[in-house]
Structure formats: structure tokens, C-alpha cells
């Protein structure tokens, strides 16, 4: 169970707590961004969202250089042996097309953004054409003796491109197709083509796997830099807030309590609100870096709901992370915030609220219960007809968009319970 109240601070105010149900500590709907507003981690292709240099770029440049050198090697080999081919003109036509394509795609293979799947698909088609043509335009005796194909080692550049773009699985796919074409062009298995196929597959899959590890490492480094930057910004704001705002709020809270016995009952409420705001600011200062999730990253719902805890709001959650996709967790937390706001506005100044997070195998359920006066049946319908759509839009609308449900239960004099449920398959 998580309680947002804290002990006495050094300046006489309330000590730091995990958070409060006031607007100061309310998490934003959707993915939560860090203090510095950084972008997400590395995406497809491994480029840094902040514009930094990716660890993959040197590999892409190496592949681009390799393709040019491999083209030169293929041209030299054919120049020395084209007299032995049955149809040498066809071989020259193919190598001419290969030369034009290689030179035209030098810039495309210099980075992951330019090298699209369309470019790689065309590259693979050109490779397969050359491998199959080798068995047709070359002398059958040379083919059976294991003569190299028209593209020779240039075909490896295609597999490397697939590996750099998508990892080891696309590399294995491209290598398999080239291997099948090689066997078909040679009329069956030979010692040389099996050897070449194995080398091509091993090299492509190994480099693809290394690329995947590099992307994961780069994403972790980017996240660490974001956390460090957010922490520094939080510490800077903490110093400024502590020197000004917290001192004033603590003073207002104490003076409000002193004046309660007089003829100014409104000051007591002012002191209470000042105390809640002070605890919220302390939670913001000491709660650690704000979580950051990209659209495809899971978010721990507990970290988004816990800030609603306060003096009159108690949060209970499992001891293990409650993971949902980032946008889903953000919308669900925002619906919880809307329910907590309703408690503060309508349940009365002394009402308490309890938030319960349940992690079930097929769904995530969040219940918000208060001990306020409740409401009569049909009251929500009257509110919607009069234009007050807080429950309809902020709570039910969000849950419907997520494929979930929002149920409200109330009996006059016994408070209100809101049950928010999001199915995992819908998430």
C-alpha cells in the first residue's frame, strides 16, 4: 500500500511522499516524457532520436564500399574469362546493369534511412538474376567445375544489407534465396556452392545478430543519458523550489492552522490545500526521474498511478510491475486522475479515496472508491444532459477507446466506486 503523506520536513513542513492527488502531481495522458522533452530511443535503423551518430553508420559505409570493390572484382574476373562463356554479350549486359545499379545506390547504402526495403528488394532481385543467368550463359563444363557466378562476391553485399536493415532473420531469408538460386544455376549441389552458401549464411546471420545487439545497447545508452539529464534538471528545479515556493507553502499551512480557532474558517481550507501542494512539490523533487516510454515500449502502470496518492488518497498496487503499452497505460492513468478529481470536487472536504490496481492474466483493473455522500440513480444521466461530461468523456470515453470498460457504482450515503478495466488483448 502506498500513502502519499510524509513526515515533518526540515523546515517544518510535510516531508516528501510519493505524491498527492492534486493537479501538481498529475501524470500526463499518453506516454510520459522526461523533464528535458527528449525523443524516444533508437528506432528502426538505429539512428538516435536526438540526432546523434548511430553506431551502425560505420557498418553501412563499409557495406557501401564493399559493394563497389566487389563490383570491380566481378568485372575483372569476367574480363579475364568472358571468352570461355557461351553467351558473353549477355554477361556484359548483366554486368553493365549491375554497374549502373551499384553506382546509383552508393548513397542509398550509406545509411539506414536511404536504404529502404524497396532498394534491398531490387538488389536481391538483381543478385538472383545474375546467379541464375550464370548457369545459362556460361559453359556447362565450367559450371559443373564450380566456376563463380556473374556477381561473385557482390551477392554478399545484398545479404549484408538485409542484415544491417533488419537483423539476422532478413539476412537468413536473403541468404536462403541466393543459395537456392545458386543450386538451381549449377544444376544441383556441388562442393563449391555448398561451401559458399554456408559462408554467406553464417556471415549474414552473425552480422545481423551483432546489429541487433548494437541497437539494444544504443537504446540503453540513449535512455541512460535521458535519465541523467532529467535528474540534473530535477535537482536544479529542486533548489529553486526549495528556496522559494516550499518555504511559502509551509508558512501558509502553519498560519492557516493558527487562524482556525478565530473567525476565519476559510484559512483552514487554505492551509490544507497549501499542505497538499507542498507534498506534491516535494514528491516531484524527490520522486526520481520521470518514466519515459515510446509508443511500442511497455509502461509500468504503478509509476503512473502512484503520484495520485496523497493525504486523503491511498494507492494499493502489486509488488511487481503492471506492464501495459505506453499509450494504453497513459490513458488509463489519465482516467484514474479524472476519477480522483471527481472525489476532490464532489465527495466533500473530508472524503477519502482508495485506488486499487489489480494485475490479472487477461486484463488490468483499477478501482477507485471513496467514502463521500454518493449520488442517486440517474444523476449521471442528468449531468450529461446538462453538458457536464467529465465522467462520460474523461473516464468512459478513454476506456472505450482502449477497448475496455468503465463501471460506476454508488448508493446515496455510501460513496462511489469506479471500476476501470482494460483487457490485455485489447491493449
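Using N, Cα and C of the backbone, Cβ positions are placed for all residues, glycine too.
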*From 171-189, 228-246, 247-265, which range did TrEMBL mark with transmembrane segment?*
171-189
*asked:* Tell me which of 85-104, 285-304, 305-324 corresponds to the transmembrane segment entry in TrEMBL.
replied: 85-104
*What parts of the chain pack near the transmembrane segment (116-137), using Cβ distances under 8 Å and only residues at least 6 beyond its ends?*
85-88, 90-91, 94, 97-98, 101, 105, 108-109, 143, 147-151, 154-155, 157-158, 161-162, 165, 174, 177-178, 181-182, 184-187
_Contact call for the transmembrane segment (85-104) and the transmembrane segment (62-79): at least 3 Cβ pairs under 8 Å, seq gap 6+_ = yes
_Contact set, same chain, for the transmembrane segment (195-214): CB under 8 Å, 6 or more residues outside the stretch_ = 46, 55-56, 59, 155-156, 159-160, 162-164, 166-172, 174-176, 178-179, 182-183
